[in-house]
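In what follows, a single structure is set out as structure tokens and then discussed.
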Amino acid sequence: MASYISALCLSFIFFFTLLSIFPSSITSLTFSLSRFHTNPSQDSYQNLNSLVSSSLTRALHIKNPQTKTTTTTTTTTTTNISSHSYGGYSISLSFGTPPQIIPFILDTGSHLVWFPCTNHYQCKYCSSSKIPSFIPKLSSSSRLLGCQNPKCSWIHHESIQCRDCNDEPLATSKNCTQICPSYLVLYGSGLTEGIALSETLNLPNRIIPNFLVGCSVLSSRQPAGIAGFGRGKTSLPSQLNLDKFSYCLLSHKFDDTTRTSSLILDNGSSHSDKKTTGLTYTPFVNNPSVAERNAFSVYYYVGLRRITVGGQRVRVWHKYLTLDRDGNGGTIVDSGTTFTFMAPELFEPLADEFVSQMVKNRNYTRALGAEALTGLRPCFDVPGEKTGSFPELKLHFKGGAEVTLPVENYFAVVGEGSAVCLTVVTDREASGGPSIILGNFQMQNYYVEYDLRNQRLGFKQQLCK
């Protein structure tokens, strides 16, 4: 997820740039999901190592976020989802009047919706030189969000002091023309900085005026804008007051495919209390400490009760699978993470069980070279095998829901197909926060439904297309 730091002031150049870009007067929808690509390495070892690094960096941030602050219509919307070489998935959304179409990374682990903004947008350490930007001055509906606007506090979680309005608190100041303070959002792999806009979001069958969206002019390591689908007030599901949303993620090939799958936004369905046919459900779990640790309130927690490998229960301390009094532990689902993260206390028994069954029972040998090159472990040599025998990985959730993952969702083929590696990562330096972060690699070719009205997660395996 993202962390927010309120920048009390930006450089005069930054503000003049922002102010100069604005005009003088300040049922079912389905979207396509696609994979986002940023010049992937031709070396599969290097590519996997990069994905391991980004997954671990994001996990460290999710576990220890730094948070500081200075009438309903019945619709269902469907859009396309694209898969990308860096391990993420994107959607395209239309903002402004007339509409401007911008790609966004789909992220259930954060809640701000922001796009690269203005002709002066800069992104450091971004491998893609052509990042589409939203141009506010070309939209008649673009407005800078005012400091007194209640939505300003959605970004800056503490009370906002509008200092240019006689230094009076937000609740009492009048006739304030000060804009909402700039935001600085930290992600595991980078950051973004900008100001808040009130803009029109154009969906295929409805128009949403006054949608809060971030206008970012500076970013680091962000290949596109981000559509936050977490639990916060600024998230897309919250602003649209969705009853549920669902997606099906294409199989990961870490390439520039043009294939897409679907994201469905459901608002006011007449059957919103009923379970979707064929789906298995587990309830969302409430974190008891979100009041003290606001950053954790964005996450979708689920109750993972146990893990089995080849029918054998992985022996772990139950306390690591549950939330403690401080809000640490438990399991979250995060579409923005590539490889699932597990705390060492969970990962090591899991890895040991795979080694025991693969080496002792199936006579495979460890591929230590592949482990060194990819950062994944354990890896196993599978020379010349077109079909291998691998232990089944099954996740058992609260409420009796079970997920038996297909082997391609937890093993990746590396090199020229001579080895396979377990696509779960860990880090002993990561403490606090969720014990398990279920990443999108494990969700590929699964239909996943976030039933917000009934507070449950539904899923079923299917070919996403």
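Yeah, the Cβs are placed from backbone N, Cα and C, and that goes for glycine too.
According to TrEMBL, the protein has these features:
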ACT_SITE  Asp107  active site
ACT_SITE  Asp334  active site
DOMAIN    89-460  domain 'Peptidase A1'
Integer Å distance between the CA atoms belonging to Asp334 (active site) and Asp107 (active site): 7
Cβ neighbours of Asp107 (active site) where a neighbour is any other Cβ within 10 Å: 28
Neighbour tally for Asp334 (active site), based on other Cβ positions within 10 Å of its Cβ: 26
Mean per-residue pLDDT computed across the domain 'Peptidase A1' (89-460): 90
